[in-house]
Amino acid sequence: MTENTKTHVILLSCGSFNPITKGHIHMFEKAREYLHKTGRFIVIGGIVSPVHDSYGKPGLVPSRHRLTMCQLAVQSSDWIRVDPWECYQDTWQTTCSVLEHHRDLMKRVTGCILSNVNTPSTTPVIGQPQNETSAIYQNTVNKSVAIKFWGKMSESLGKICCVRPHMDRFTFVDENANLGTAMRYEEIELRILLLCGSDLLESFCIPGLWNESDMEVIVGDFGIVVVPRDGADTERIMNHSSVLRKHKDNIIVVKDEIDHPMSIVSSTKSRLALQHGDGHVVDYLSQPVIDYILQSQLYINASG
């Protein structure tokens with residue numbers, strides 16, 4: 001497959017990130033590596049979307065802290081960014097609504113072709129960029145081309161930073177412009193996939209926890225990339241849910257022959273390590289995140 005015929009993917013991870021750990025970043029990296037190895041996908045960006053303060057989880061620190069920690073955790077990455085939209089809303093948003101927001105945002109801002117899992121590639125949806133948004137293409141030697149789209153993102157200001165392999169410049173499509181018969185559109189299929197661990201996948205099997213229509217949209221329209229933790233049996237998990245069984249082909253399980261130590265890192269372990277003064281916290285959290293936590297006195301006296 002050529003680069004333009006491969007499915008271009010943005011990985012979106014929703015969660016508390018309380019705090020964000022090295023395991024979260026490892027999940028992004030492993031998913032991108034695995035998707036590239038399949039030869040069917042090109043991962044052009046990753047989005048970290050922390051949950052709203054009203055989520056109600058015990059011990060959840062305010063979003064201003066979680067957003068800052070997430071930004072510190074990804075500051076050295078050239079393809080993962082933090083998105084504050086979910087935190088800036090008036091109330092908690094479902095995972096389904098977050099996915100739909102980013103799909104609609106990409107249509108408006110990037111001008112790329114957005115499609116659901118079940119959308120035929122012969123009938124792509126072409127996004128129309130906003131007039132005030134310009135694209136900056138930065139070429140680097142032996143690296144991907146970083147594309148940064150600046151502008152107003154819904155009701156908040158932010159940045160979309162996507163990375164993709166070198167290719168000819170993408171043609172933005174303005175349906176209101178008189179482009180003439182000579183204009184050719186470069187069609188690049190773009191999908192937003194939910195990135196998660198096996199614990200979130202298993203939560204789909206808990207009766208009443210998820211709205212079934214939301215599950216249909218998440219798994220059936222968008223699709224999921226699962227990075228298993230602690231040797232979880234994803235096959236068994238999927239067989240316990242009718243929705244997961246129905247859309248099994250839309251669930252990509254990242255297979256790894258080697259159990260990486262980052263796969264057992266969790267926010268809970270990190271908080272406990274902080275509370276107990278455990279030096280192993282450096283194995284769980286990046287140093288900038290640790291420094292911020294200590295400076296802000298987070299989690300030190302919190303429970304769980």
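Using N, Cα and C of the backbone, Cβ positions are placed for all residues, glycine too.
Summarising the annotation, Swiss-Prot assigns NAD(+) binding site to S16, F17, W92, T95, G197, D199, L209, W210, R229. Shown in sequence order, S203 are the residues of the chain, 6+ apart in sequence, with a C-beta less than 8 angstroms from the C-beta of L209 (NAD(+) binding site).
Residues annotated as ATP binding site in Swiss-Prot: H24, T268, K269, S270, R271. Look at S270 (ATP binding site): DSSP puts it in a helix. Sequence-distant contacts (6 or more apart, same chain, Cβ under 8 Å) of S270 (ATP binding site) comprise P19, T21, V281, Y284, L285, Y299.
If you look up Swiss-Prot, you'll see C161 (among others) marked as S-palmitoyl cysteine, on the strength of similarity to another entry.
Residues or ranges marked as S-palmitoyl cysteine by Swiss-Prot: C162 (among others).
Calculated from their C-alpha atoms, the gap between H24 (ATP binding site) and G197 (NAD(+) binding site) amounts to 9 Å. Taking the Cα atom of each, K269 (ATP binding site) and W92 (NAD(+) binding site) are about 25 angstrom apart. When secondary structure is read from DSSP and collapsed to three states, L209 (NAD(+) binding site) falls in the coil class. In the three-state DSSP reading, S16 (NAD(+) binding site) counts as coil.
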